[in-house]
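J.: Below you'll find the structure I mean.
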Amino acid sequence: MASSSSSLAFSLSLLLALILCFSPTQSYKTIGKGYRLVSIEESPDGGFIGYLQVKQKNKIYGSDITTLRLFVKHETDSRLRVHITDAKQQRWEVPYNLLPREQPPQVGKVIGKSRKSPITVQEISGSELIFSYTTDPFTFAVKRRSNHETLFNTTSSLVFKDQYLEISTSLPKEASLYGLGENSQANGIKLVPNEPYTLYTEDVSAINLNTDLYGSHPMYMDLRNVGGKAYAHAVLLLNSNGMDVFYRGDSLTYKVIGGVFDFYFIAGPSPLNVVDQYTQLIGRPAPMPYWSLGFHQCRWGYHNLSVVEDVVDNYKKAKIPLDVIWNDDDHMDGHKDFTLNPVAYPRAKLLAFLDKIHKIGMKYIVINDPGIGVNASYGTFQRAMAADVFIKYEGKPFLAQVWPGPVYFPDFLNPKTVSWWGDEIKRFHDLVPIDGLWIDMNEVSNFCSGLCTIPEGKQCPSGEGPGWVCCLDCKNITKTRWDDPPYKINATGVVAPVGFKTIATSATHYNGVREYDAHSIYGFSETIATHKGLLNVQGKRPFILSRSTFVGSGQYAAHWTGDNQGTWQSLQVSISTMLNFGIFGVPMVGSDICGFYPQPTEELCNRWIEVGAFYPFSRDHANYYSPRQELYQWDTVADSARNALGMRYKILPFLYTLNYEAHMTGAPIARPLFFSFPEYTECYGNSRQFLLGSSFMISPVLEQGKTEVEALFPPGSWYHMFDMTQAVVSKNGKRVTLPAPLNFVNVHLYQNTILPTQQGGLISKDARTTPFSLVIAFPAGASEGYATGKLYLDEDELPEMKLGNGQSTYVDFYASVGNGTMKMWSQVKEGKFALSKGWVIEKVSVLGLRGAGQVSEIQINGSPMTKKIEVSSKEHTYVIGLEDEEENKSVMVEVRGLEMLVGKDFNMSWKMGIN
């Protein structure tokens, strides 16, 4: 469950850190004198292998590793890998079976002919990225061939010890950096100099700003404007060990407590190119079922099935869309995974309820935590013990405490665990036909710290007071260097011990892997096992929501941003967190709408649903101890929900097409403005607005008491989606103050776009059966223009999202205006599926046409229209208009009553009267 213990846990960690008197993380200007390159070899696979010798040993943070092996390879035209490890012994790396990628040559294997002692600067050139190096001391730089910019330049000494690795790069001050998460960034999406960015998965509430949270993504995007042209690149340090990354504006320093340096440099040069190339490496985002793009409702505290039934009924009565109803652990028997409470959720009644909602297209999802209750009569525990699947400490299962009380944690690096987990999912699915799984507390969260035993003679937990207070008998574990490493990362923002409120870092996984190394991939490994289990059981496209994430998690799961607050600041922060996860390759993301705790105000919940209706993953979720906050609880919030979610359900075909685009190219569903306008530097720090796709912009109210919003409009024409006669024309880009009364959100569509929509509905299944419309946006008042759009449709629960299976259709839409003629046409790939559904385009709305809007000689597929249709035109009004008054007149033309088949190529044209 989304743990309400988070704020308490954070306070306890702070107190413990103060009690134990942990000194602040030490900062050394220089640790040693680095390494020299003593030889370099060319390998048959096109890479280069070098050997580095330490120049001067020291004992700061441990002994230096004397000899290092350098491996450099241009893996693709746009990706360069730089891998540095111990030359003599294999070191921990992110497992290749979890994150498949090319493996460097084996350590110690000599390849090729050595070129001894080259003292001059050398270069290894690729298509776009150039690797250059010096030999004594060894440094390296990565440059872009096309504009000669240095992207990465190791200016200070390389440090490589068993438990401390350090490397730095210089940066131009004009660079804009994004990423290095998961982190709630109070200052927005753009990284702020002189803030430490700690990467180590923790159950720390997202209300705690600028600290390490649930996921670890050691990747950043660097966007620079060079001579008026934008260039973006990315740097990934693929390492699962805890690390601090210090960004000082003109430099960036990594301080890592284990593993290897495994750098990947991604060339770009556009932000979209970057995520395409990045997800080509880490895995394309998972395809999501259509229903998952609908609205979701959850709460910790739906005490029995009757409450859940009432929630579903009340959404229907309020005419607020709802696709998915969720259970936190209220459905469980004693908080135990894969169980059902026989009193609160009797199986027969639950099955009848699920049969009812499944028939109308609704879905049901429940929570699952990794901790398995230590209970001899509990079947899941019995089978786990028999299969020997738990993480060990000194040969015995490591004991912790979570909601069921004493628990053991499954080791998802063990193949036997994956099989056992899949079997438990099947058993539960046979018991309750769930439609997805929500995996929580998988950082891993533990209510205790250290080595614990179950107390004799007393119940744990006692059943009195909060369930998150540790009731085991525990003692600190500091006897090994894995529990007390020489360098203290800034864990939880207070330099807490790395094993605090989680698994002891000297515990062991399969094949002797230490928790110290594998800690931050626990949630990732659980996600992969859960995905495999659901796929095998359902045979459908899995839907998984995970709190903890790592590099590559987006290939399997969606993410929500954890335990946020019902505050205006949490609302603001939700946008930058969402945008960061799009860059990380996890595009299906959102925050708890209205906040997890405490109770939001009515005004805040109004404004939050106006933002959250456009999160890729849109869910209202609340804490056990907070008052009810379903969207129908306030009349004004219900109005805002019907308005904002009504728009979401109309654009579901567009969102689903973005889901397909994300799966094929990694493109985020929700994007910062600079993704579409990288040359417009005003966008670089904007975290108060966002785009869906390339051209659908949301400009919400984010402050209390405001009834207008100042929105940034990049250059071009923008049309309001709630009243398409309203337009903003921004020649060079400008900020515009727009009215935004309580139940109103500003949503604009950019020029040169064709947007497919449907009529909406209260459930996505119903909305999907309605006729299509196309909104075509040209530059306002243009006598010539061009627009494009896309539409992807399929049988949405098929495991794969692709063309070629006979159950999907892809359409490219085009439109042009010129010489007094408006034309639009489609090019359909594999139209059979769309034709089988009978989908038609019933209406076309064309925005920005120059003139009076007179329409004549409408033709479809080369023949005059004989069917009676309705044509109307309205003149645009401008919030900010064209500067040339003679061109200031433009119109919206709508043609209704069409029956153009989505699954068949068509062309349509008409003549226009121009005044």
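Just so it is clear, glycine is given a Cβ too, placed from its N, Cα and C backbone atoms.
Remember, it's a predicted structure, so these values are computed and weren't measured experimentally.
The signal peptide feature in Swiss-Prot is assigned to 1-27; the stated evidence is experimental evidence. Annotated N-linked glycosylation site per Swiss-Prot: Asn153, Asn304, Asn375, Asn476, Asn490, Asn819, Asn888, Asn907, in sequence order, evidence recorded as sequence analysis. The active site feature in Swiss-Prot is assigned to Asp440, Glu443; the stated evidence is similarity to another entry. Here Swiss-Prot flags Asp563 as active site, proton donor, drawing on similarity to another entry.
Can you tell me where each of these features sits in this structure?
T.: Cβ neighbour count for Asn153 (N-linked glycosylation site) (all protein chains, 10 Å cutoff from its Cβ): 16.
Within 10 Å of the Cβ of Asn304 (N-linked glycosylation site) there are 15 other Cβ atoms, across all protein chains.
Residue density at Asn375 (N-linked glycosylation site): 16 other Cβ atoms are found within 10 A of its Cβ, drawing on all protein chains shown.
Neighbour density for Asp440 (active site): within 10 A of its CB lie 27 other CB atoms from the protein chains shown. DSSP assigns Asp440 (active site) to coil in the three-state reduction, placing it in neither a helix nor a strand.
There are 16 other CB atoms within 10 A of the CB of Asn476 (N-linked glycosylation site), with all protein chains counted.
Classification of Asn490 (N-linked glycosylation site) by DSSP places it in coil, neither helical nor stranded. Counting Cβ atoms from all protein chains shown, Asn490 (N-linked glycosylation site) has 22 others lying within 10 Å of its own Cβ.
Around the Cβ of Asp563 (active site, proton donor), 28 further Cβ atoms fall within 10 Å across all displayed protein chains.
According to DSSP, Asn819 (N-linked glycosylation site) sits in a coil region rather than a helix or strand. Taking all protein chains in view, 10 other C-beta atoms sit within 10 angstroms of the C-beta of Asn819 (N-linked glycosylation site).
Within 10 Å of the C-beta of Asn907 (N-linked glycosylation site) there are 14 other C-beta atoms, taking all protein chains into account.
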J.: Among all the protein chains here, how many other CB atoms are within 10 A of the CB of Glu443 (active site)?
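T.: Step by step: centre on the Cβ of Glu443 (active site), count other Cβ atoms within 10 Å, giving 28.
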J.: Name the one residue among Asp440, Glu443, Asp563 whose Cα is closest in three-dimensional space to that of Asn153 (N-linked glycosylation site); these are the active-site residues.
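T.: Going through Asp440, Glu443, Asp563 one by one, the closest to Asn153 (N-linked glycosylation site) is Glu443.
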J.: Fill in the CA-CA distance, Asn819 (N-linked glycosylation site) to Asn476 (N-linked glycosylation site), as an integer in Å.
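T.: Given the Cα positions, Asn819 (N-linked glycosylation site) is 80 Å from Asn476 (N-linked glycosylation site).
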J.: If one measures from the C-alpha of Glu443 (active site) to the C-alpha of Asp563 (active site, proton donor), what distance in angstrom results, rounded to a whole number?
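T.: A Cα-Cα distance of 13 Å.
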J.: Using only C-alpha positions, which one of Asn304, Asp440, Asn490 is spatially nearest Asn907 (N-linked glycosylation site)? These are the recorded positions in the record.
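T.: Spatially nearest to Asn907 (N-linked glycosylation site) by Cα position is Asp440.
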